[in-house]
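Taken verbatim from TrEMBL:
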- 215-230: compositional bias 'Basic and acidic residues' (COMPBIAS)
- 240-252: compositional bias 'Basic residues' (COMPBIAS)
- 261-270: compositional bias 'Polar residues' (COMPBIAS)
- 271-282: compositional bias 'Basic and acidic residues' (COMPBIAS)
- 2-174: domain 'Translation initiation factor beta propellor-like' (DOMAIN)
- 202-282: region 'Disordered' (REGION)
Amino acid sequence: MLTSTDVDKTGASYYGKQGLHLITSKGDTSQVIVNKEGPLYNAAWSPSSNEFCVIYGFMPSKATLYNLKCDAVMEFGTGTFNAVYYNPFGNILLLAGFGNVQGNAELWDINGKKKIKKMEIPDTTFLQWSPDGQHFVTATTAPRLKVSNGYKIWHYSGALLHEKPWGKDELYQVVWQNYPQGTFKTPNIVYKAVEGIASSQPVASKQVYRPPHARNTDFKPTSLHEDSSLETKNQSKAYLKMKKKREAKRQAKQQQDVEDSSNNKQSAVKTSEEPKDNEKQLRIKKIQSDLKSINRFKTLQSSGKELDNNQMARLKLENGLLAELKQLQL
C-alpha cells in the first residue's frame, strides 16, 4: 500500500512524503524501509509472490528487492529508472526509465543475481513481456506520442528481433496473444546474445555540435574546463605590463595592511590605558562634589539648623573621602 502526506515537516519538499507498507490478509502491517530520500516511482510483485521490487529516491533513482518481511535481499544500484517489469516466471527483471526520463533499461537474472544486459529503448510508452518469458515488446503509441509510432520485439539478451514502424498513422495499443497456463516452461537464462537486426529508426547523434562554418575543418571545440595555463601563450605586451602593475599594486596594499595592523595594535595599547585615567578623574570629581556637599551641611549645622539622619551620615564620610582624594592625587 502506498501512502502519502501533504506536508513534509522537515521542509525538504513542497509535496509531502510518500511511504510504502506491506499488509497481510490478517491485517498485519510492515513499513518498507528505503535508504534513499525521494519519491516512490514504482513497485511490482514477483510472479513467485514471495518478493517485490521497489524503485525510489531522487534521480538517479535506486532499485531494491524485498522479501515478505520487508528485508532488502538484493540491490540493483542506481540509474535513471522509474518502471519495473517481471517476466511471467519471475526469473528476469527489467528496470527502465520512461516518460520524462532517458530511455535506459537493464535486465537482471534474479536467481543468479547478475545483470544480463544494459540497453537503450528511447521514446517507449508501452512495454510488456511475452508469455514465453524470453521476449518483450516495446511500443511508441498515441496519444502519449503521436510521431514515430510503432513497436519492436526484443530478446532478453538485448537483441532486437523485429521492428514495425507505423508510418504517419497513429498506433494506440499492442497486446501479446494469451496462452493457457503451462504452455511455456521457465526459460534457462543464457548470457550470450542472440542474433538480431539493426533498428531502422534514426539514432540521435552524440557528437559535439559544430557550427556550420566549422564543419569539414580542423576546428576543435573549446571547453570551459581547459587548462588555464594555455591563456598565457598568446598574451600581449600590454596585458603583461598591466598584469605587473596590478601585482605591484596588490603587494603595496598588502604592505599597507601590515603597517595599519601594527599601528592599530599600538593605538589599542594606548586606548586601553586611557579608560583607567578617565575613571580616575571621574572619581576625583565625584569626591570633590561630595566634600562640597559636606561643607554645606557643616555650615548649616553651625548656624543652628538641625540636620536629618541622611545628612548626618554624609558628615561621617568626610575623613574617608579626604584620605581617598589624597591617594588619587599622588
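Backbone N, Cα and C define each Cβ position, glycine as well.
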Averaged pLDDT score, the domain 'Translation initiation factor beta propellor-like' (2-174): 85
For the compositional bias 'Basic residues' (240-252), residues assigned helix / strand / coil by DSSP: 13 helix, 0 strand, 0 coil
